[in-house]
Amino acid sequence: MTTDNNTPIILDYEPISYLKIATCFFRKLPRHIKEYLCSFFPIVYWIHRYNLTWFISDVIAGVTVGIVVVPQGMGYAKIANLPPEYGLYSSFVGLCIYCFFGTSKDISIGPTAVMSLLVGQTVANVATSGSGYTGPQVGVAMALFGGIIAAAIGFIRLGILVDFIPEPAIAGFMTGSSLTIAIGQYPKLFGMTGVNTHDATYLVFGNFFKHLPDTHLDVAFGLVGLFVLYAFRFGTAYLGKKYPRYDKLWFFINIMRNGVVVIFGTLIAFLIHIGKNESPISILEDVPAGFTAMGVPKVDTNLLSEIAGTLPSVVIILILEHVAIAKSFGRRNNYKINADQEIIAIGVANIIGCFFGAYPNTGSFSRTAIKARSGVRTPLAGVFSGLVVLLCLYVLTPAFYYIPDAILAAVIIHAVQDLVSGPKFVQHLWHINPLELFTFVAAVIITFFTNVEYGIYVSVGLSIFFMLIRIARPRYAVIGRVPKTDEKYIDKQQTNDIEYVYVKENHPTLRDIVEPPPPGVLIFRFDESLTYPNAGFISDKIMYYVQDNFTSGRPPPTTRGERAWNDRRPLVKKEDLEAVLAEREASGRKLKAIVLDFSAVNHLDSTGVQALLDLRLSINRYVGHEVEWHFASLATPFIRHALMIAGFGNQNGRDSHPLELIPIVPPQLQQQQRQQKQHHDLESDGRSTDNSPITTSIADHERGVPIDRAPFFHWDLEDAVRAATYAASKG
């Protein structure tokens with residue numbers, strides 16, 4: 001990286017002007033506003049290319065998902081403690097609205113297991129006999145305000161908040177919720193009526209075994225239905241492996257399993273009801289046709305205050321489930337997802353849905369997977385799924401009368417198994433990060449013994465707590481070095497040309513061959529940005545290391561009165577003081593320069609800068625002289641600008657680079673000088689008459705790295721250490 005005339009490359013940075021940056025931003029603001037407004041309707045970017053091939057694929061995928069969503073929607077509505085038709089209302093609106101606002105072709109919006117569980121627990125707490133509120137009112141209010149909050153987050157582009165909740169936290173409350181849902185369906189599966197499924201999960205589990213003698217005929221429908229569902233699932237998977245040519249056929253047979261079980265279960269329930277005044281099993285009974293709950297939501301301040309504590313959980317589930325699924329299938333099928341726009345889509349879908357009587361709905365993983373496998377081409381496929389739901393609402397509701405509750409329970413238990421994170425996931429967390437495993441287990445346990453709302457809060461709280469701990473107490477390293485070439489094969493006078501690999505001084509693998517830095521030099525690496533949460537911690541660690549490993553500039557005490565209360569050094573006799581000082585000077589433990597590796601520092605705030613200034617003052621006071629500070633691998637011009645403002649670019653009166661202080665010697669002349677020096681040494685019986693090291697300016701020029709005009713900012717760690725070594729040798 002040198003020019004033909006051997007002139008080094010000097011890095012010149014333009015002064016950073018925040019006024020100039022702001023002016024440039026406002027000049028481009030109209031264009032940004034136009035792009036911002038157009039981004040609300042992604043459909044405009046692809047609808048004009050819509051064609052017959054896409055239409056056929058979307059119809060197939062949409063109808064397929066519609067067949068699945070109808071029984072699932074009614075079953076999830078029962079989990080939400082709402083009449084079954086409210087599950088269909090939620091399914092219809094989400095499926096139809098999403099295509100106008102969404103950026104994922106695969107995702108399918110509608111009722112989900114976890115959201116239905118949260119709504120059900122809230123309905124059980126709020127819609128009591130003395131409250132004056134009904135379950136549908138509570139569900140609609142949750143959809144309205146949850147949608148408003150989600151849409152607001154999307155409009156102001158705060159989708160980044162989703163990234164603060166890691167996968168183990170999500171998996172934890174999802175697993176706990178799936179266990180809660182499955183156990184809550186056991187009494188319906190067995191036809192029990194004496195078990196309160198609104199209790200905590202462990203109580204429902206215990207009462208289930210307590211009421212086993214109360215099992216009714218429903219158990220035949222439930223267990224047989226569950227067996228058939230799993231037989232379809234595993235049977236088609238086996239046939240798909242044995243006959244891969246018909247993989248598409250086995251796939252469509254597999255996804256029909258819910259519909260087949262519901263149809264045959266309903267038919268049998270109808271046959272055994274003939275000639276009887278009431279059914280011998282628990283059935284769905286009346287499902288009104290059409291949108292009977294359509295209207296403006298009725299919400300008052302009292303109802304809002306009742307559900308306010310649950311709204312954060314509603315928003316978290318709305319956003320997390322939806323964005324996580326959309327991103328997953330976007331990566332799988334090679335297209336980009338706009339997380340903020342997805343949040344807007346889910347928010348608008350819930351706001352509009354509440355006028356149709358819908359309760360909160362979000363992306364469903366199982367239905368999204370079916371939609372993707374069915375060959376969907378555009379988000380418009382959701383409209384065809386919505387038409388299937390609409391057909392069922394207006395035409396098939398009389399047939400829903402005889403659907404057995406045990407069959408719906410079997411469908412739900414079978415559906416939520418995909419939400420459970422298995423032993424492999426737990427083992428994976430244990431080997432990678434036990435703290436994340438703790439978060440996962442805590443979320444599962446809290447959800448199991450209390451409710452899903454507390455499980456969400458605990459998992460999210462623990463995740464944020466561990467993240468803040470990591471930021472406030474980051475890893476750091478005192479650096480040693482390993483030569484790239486064995487020194488015994490290098491000419492004695494060229495040892496300064498050796499390049500090093502810089503590693504932690506206590507590296508677990510290389511610690512036996514790690515060399516200390518040059519005498520008088522400390523190399524320290526940051527593994528996080530230097531900001532207000534960790535600035536004090538990092539500066540303390542550097543100061544403590546200096547105090548423990550380098551000599552103080554103060555002379556050792558000679559009397560007890562001179563010794564400070566915290567000075568543990570032994571007393572020195574006055575006649576021995578000069579000898580002790582001379583020995584300390586020769587020990588090489590006098591700090592001359594500090595090198596900071598900033599390669600991992602992506603942000604430096606005012607607190608971090610002030611911490612460095614205070615640390616410099618403390619170290620100078622401790623060692624008794626001015627210590628040079630060198631910075632390597634500055635990540636951004638803004639970090640360099642902050643350090644320049646703080647005065648680190650100009651220390652000890654030096655505002656120019658050593659290259660400008662020492663004449664540059666061309667490489668050919670350097671080689672000639674070395675040969676002459678070696679010849680002279682041989683004539684002196686191999687003893688060097690000049691032990692001065694090759695200057696950092698010549699060495700850096702030979703390496704060919706760019707050079708910053710500020711003498712204390714360096715391209716890489718090797719450059720910084722050479723400059724610090726040169727300063728220490730002259731000190």
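The count begins at 1 with the first shown residue.
Here the Cβ of each residue, glycine as well, is placed from N, Cα and C on the backbone.
Just so it is clear, the model here is predicted, and its values are computed rather than measured.
According to TrEMBL, the compositional bias 'Polar residues' annotation covers 689-698.
Under the heading domain 'STAS', TrEMBL lists 519-648.
What TrEMBL records for 669-701 is region 'Disordered'.
Long-range contacts of the transmembrane segment (52-74) within the same chain: residues 84-85, 87-88, 90-91, 95, 108, 110-111, 252, 255-256, 258-259, 262, 284, 287, 364, 366-367, 370-371, 374-378, 380-389, 392, 400, 403, 408, 411-412, 415, each at least 6 residues beyond the stretch ends and with a Cβ under 8 Å from a Cβ of the stretch. As annotated by TrEMBL, transmembrane segment applies to 52-74 (among others).
Panel annotation: around the transmembrane segment (86-103), residues 40-43, 65-66, 69-70, 72-78, 80, 109-111, 116, 136, 139, 143, 291, 293, 326, 336-338, 341-342, 344-346, 348-350, 352-353, 356-362, 378-383, 385-386, 389-390, 392-393 of the same chain, lying at least six beyond its termini, place a Cβ under 8 Å from a Cβ of the stretch. Annotated transmembrane segment per TrEMBL: 86-103 (among others), in sequence order.
Feature annotation from TrEMBL assigns transmembrane segment to 109-128 (among others).
The transmembrane segment annotation in TrEMBL covers 140-160 (among others).
For the transmembrane segment (219-239), the list of distant contacts is 188-191, 246, 250-251, 253-254, 256-258, 260-261, 265, 268-269, 281, 404, 406-407, 409-411, 413-414: same-chain residues at least six beyond its ends, Cβ to Cβ under 8 Å. According to TrEMBL, the feature transmembrane segment maps to 219-239 (among others).
Within its own chain, the transmembrane segment (251-274) has Cβ neighbours under 8 Å at 64, 67-68, 70-72, 221, 225, 228-229, 232-233, 236-237, 240, 280-281, 283, 370, 373-374, 399-400, 402-404, 406-408, 410-411, 414-415, counting only residues six or more beyond its boundaries. The feature transmembrane segment is assigned by TrEMBL to 251-274 (among others).
Outside the transmembrane segment (307-326) by six or more residues, the chain places 102-104, 106-107, 109, 112, 114-115, 118, 122, 126, 138, 141-142, 145-147, 149-150, 153, 159, 161-162, 165, 170, 337, 339, 342-343, 346-347, 350, 360, 362-365, 368, 452-453, 456-457, 460 with a CB less than 8 A from a CB of the stretch. TrEMBL lists 307-326 (among others) with the feature transmembrane segment.
Tertiary proximity for the transmembrane segment (376-396) is limited to same-chain residues at least six positions away from its ends with a CB under 8 Å from its CB atoms, namely 43, 46-47, 50, 53-54, 57-59, 61-63, 65-67, 69-70, 73, 85, 88, 91-96, 98-99, 102, 104-106, 108-109, 289-291. The feature transmembrane segment is assigned by TrEMBL to 376-396 (among others).
Panel annotation: around the transmembrane segment (432-449), residues 166, 168-169, 171-173, 175-177, 179-180, 200-202, 421, 426, 455-456, 458-459, 462-463, 466 of the same chain, lying at least six beyond its termini, place a Cβ under 8 Å from a Cβ of the stretch. Residues or ranges marked as transmembrane segment by TrEMBL: 432-449 (among others).
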